[in-house]
């Protein structure tokens, strides 16, 4: 009755499909001269917090402590603009994985949820099938890998498999993956799970360049792509209607020197319909209704299909069919005995022609 | 069949080797010399570049303001130095403490084996004063050192002034991740040796020093400053250290990068860089710079106070301020800023400097030649020795066509003895050359009207010359060796020389190359058959002592201070005495190498020349 009528507007209401937002922000490099990677991550953290995602829904992983590094002439600060205009460290930063805890294993466990029971809640990604997740990685990378902590690497295949695990466990609704490293586009080449959108700061064979050299601190403060991304995000407010197509235009080649890339073929919606705040912010949707709901009657869910909807939604996807059930191609080999016989024939002909005395050359 | 296993082909190879041996040797020698000269040619060199990622570019803001105040402090230091008649320990301790450093002193004393006439000292007693600037937030695990020598007279006052000025400025900064030790050492190298031995708890040279009360962690890099005037026109970088060891090239790269950023004129070997590498004068300028470095490295002595740090794997260099009469002058504030920039970059280091080369030659401050490029020059010279050894081996293995000698079975036993005797006698002469000069100086002073230093040097020369008379005497005493025995001795001597020069060139390329230049022709051509008088003369000219004499004259020429023969001879004597002193005081290995190994090897060839 009444409940049945409400379903229709709710479908429009939840047109984006997600009900909560998470962010996983990772800086993978340590050492003082990699100051800019920590500053990159903290700039995205700042924007994401400003647009509404709370600390409880952000997993921030910083591989080194730049603010309290002995070489920092301004202790307890991390600047993103030269001449110390903007301190992205602030006074309410909550780092979840710090220093040596930022490893490939911990990162993959956070994504897939396979953490030991003793892990505190702040270190877990507690997303569900209605979560939009923003994943931001920065550090030193190459063609097909990203370096963690100067001692290990994560490859693009591992990352794609991790996302597939997340998909199979329904740990995300939609996922935006941003990477700012050298040759960053190679990291999203191998994705095959649905509902992934990816952006990278440079193509394969290109280096992402640093920006903002600061003489007082003595290091580069930011990377170009994230610097212009931060400038773009500073203009976004929670009710902004800017969409992903605007995000793709951030940092053209004239500003970035490298060519940023993106990938949208696995994303099921039109990127133009995906708002920036769908991933970077946590927008609480409020709709004022003039109709009354009778709370004395128990509410029965009229159509059970709503639960099945989630599964049938998935089954509709032709993508998973094609990708998961592709038969493995086996190369054709000639039968084993054939090769042996061929070689025996060759040897016999050789010895017949040149005589047996040449055998001693072999032995 | 294979090349070496087929007897026909083997005979052909062997005959080729014996026929063409002399021409190939000559070609190799000329190729080696040409390769070496070509190293200074700019297209064959590489531009210097920063290899260490942590040091990066010169992106740092230098803000040192107090150059004039530093010079004032230097003048105060000079006044107190005159009053105290040496190191003004109390004033230095008070000044460093007022700047917020933790100050400690170290007393040391040393009796030299014989008086040093260049620096006029024999019984040396002194005090080192050093202050440690603790890093505000870092653990005390690593340190950097800035040192200035306390020299007698008016030298290096400004260096101490700049050191104290920098100490005050550095104390106000919060970004230091390593402790900085400001050291003022007395009696230059002797004081530095005492300090380093005390710091690292080693006692290799038998010096007497008081233990250090304060320490700062393992030292990552050190700079020594020599500044004797208020303004300078250029800064000179000195790299050569003890036994020809060089600091990591990144330290020189760092210095050069900052010189370019700040705009100070920088030189190496005191020679300005030139841009016209394709002209003859430009090329000869580069050759001169490189030859100066080669000669300094070959001498095995530390050419600045930094030279003793290298043994402890601490990268160190000396920066000298030079005031020649040029229009553009650099003041103390700029020098302070350059040092500040260098120390801020060294502060960023996470590991010891190891990314760049440890073995290199520099024809100018912006170009270098690495070991991979200069070693073939030595390799070509060593090849000559190997070819000669092969030739001798072939001659010994094949029985000669006219056989007047006893059958081969009888040759082996007298062969060994005929080799062993000259070997033992030559090495005993070498040992005599090493030990006698210092031990018999009292006897020499009693009998002759000379000072101790002169006694030592003249005894050394006397022993050296006495060795020349040996072949005549030993042959009379012992049995007459067989006719062909000299070939065995020469084979052994050639291989011995090859191994000796090879090992020397690996550690100190310059010394190995210079010795090879003169000794390889000797080893190659000497036989009992060559004309005796002429060959003896040539051998003496090419012996290590005469090589040293010529090097002294060449060195003075290269520094554009040519000397007359008499002055050169006095300089030569002082070089010998300094070499012996370096060995006794700091552990330099050039004197024992030449006395105990190279000279006996040369004597073996002398024996072969006079073989009967």
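Every residue gets a Cβ built from N, Cα and C, even glycine.
Since the structure is predicted, the reported quantities are computational estimates derived from the model, not experimental observations.
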The annotated transmembrane segment range in TrEMBL, which must be one of B:371-394, B:563-586: B:371-394
Remote residues contacting the transmembrane segment (B:371-394) - C-beta distance under 8 A, at least 6 residues beyond either end: 14, 17-18, 21, 24-25, 28-29, 31-33, 35-36, 39, 44, 357, 359-361, 487, 490-491, 494-495, 497-498, 501-502, 505, 509, 512-513, 516-517, 520, 523-524
Interface-richest range of B:20-41, B:414-434, B:493-526 toward the transmembrane segment (B:455-473), CB pairs under 8 Å: B:414-434
Stretch with greatest number of CB pairs under 8 Å, the transmembrane segment (B:414-434) reference, B:20-41, B:493-526, B:589-611 candidates: B:589-611
